[in-house]
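Novice: The active site, proton donor/acceptor feature in Swiss-Prot is assigned to GLU133; the stated evidence is sequence analysis. Feature annotation from Swiss-Prot assigns dCTP binding site to LYS107, SER108, THR109, TYR110, ALA111, ARG112, THR131, LEU132, GLU133, GLN152, TYR166, GLN176.
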Amino acid sequence: MSVMPDHWIKERALKDGMISPFVDHKEGTGVLSYGLSSYGYDARLDNKFKIFANTHSVVVDPKNFSQDSFVDREGDFCIIPPNSFMLAKTVEYFNIPRDVMVVCVGKSTYARCGIVVNVTPLEPGWSGYVTLEFSNTSPLPVKVYAFEGACQFLFFSGKERCSKSYDEAGGKYMGQSDVTLPIIS
């Protein structure tokens, strides 16, 4: 399994609808860069945010998750409080082919401000808008920007197709259209 180059990503994005909308170049003048890079794709952050807030003194329980754990915000940016957490989604819709596995990494600009981006792998056969998890590890508030680069996706092509894809397995996060909270099925 190898990380795939720009021309391969572009071909699969256009031919298979792997990324939509697809920006076939790196856009970075005056913004956090996004679009196609040499061995990845920098996705953009949408403008709807869910910020962890302890307004109701709830315990975060992944088996019994409460919407009360979050405050919803919408706008051109979001300020993540110190040592806090925020959920958002990508502008781009991903449709992962059956022979591809995708891993997400953070952007160095945000990392240097104390932001860690975490996304579990996009499995073969998965499709939807990606829910992004941002942790502010700094002791200061950090601003993140909507419609600008938020993370980079790396694409790995398997030597052969998997026996059972995410969609065939009935994956619980299949077809996400908005920020999706934890689901226990």
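Glycine residues also receive a Cβ, built from the backbone N, Cα and C atoms like all the rest.
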Novice: Drop a 10 Å sphere on every Cβ of the recorded positions ALA111, GLU133 and tell me which sphere holds the fewest other Cβ atoms.
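Specialist: Ranked by other Cβ atoms within 10 Å, the recorded positions ALA111, GLU133 bottom out at ALA111.
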Novice: So which of the binding-site residues is most packed in, judged by how many other Cβ atoms lie within 10 Å of its Cβ, out of THR109, THR131?
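Specialist: The largest 10 Å Cβ neighbour count belongs to THR131.
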Novice: At a 10 Å cut-off from the C-beta of TYR166 (dCTP binding site), count the other C-beta atoms across all protein chains.
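Specialist: So the Cβ neighbour count for TYR166 (dCTP binding site) comes to 20.
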Novice: Does DSSP give THR131 (dCTP binding site) helix, strand or coil?
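Specialist: Note: THR131 (dCTP binding site) is in a strand by DSSP.
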Novice: Looking at the binding-site residues LYS107, THR109, TYR166, which ones sit with their CA no more than 10 Å from the CA of GLU133 (active site, proton donor/acceptor)?
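Specialist: Of everything listed, nothing lies within 10 Å of GLU133 (active site, proton donor/acceptor) (Cα to Cα).
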Novice: In the three-state scheme derived from DSSP, which category covers LYS107 (dCTP binding site)?
Specialist: coil
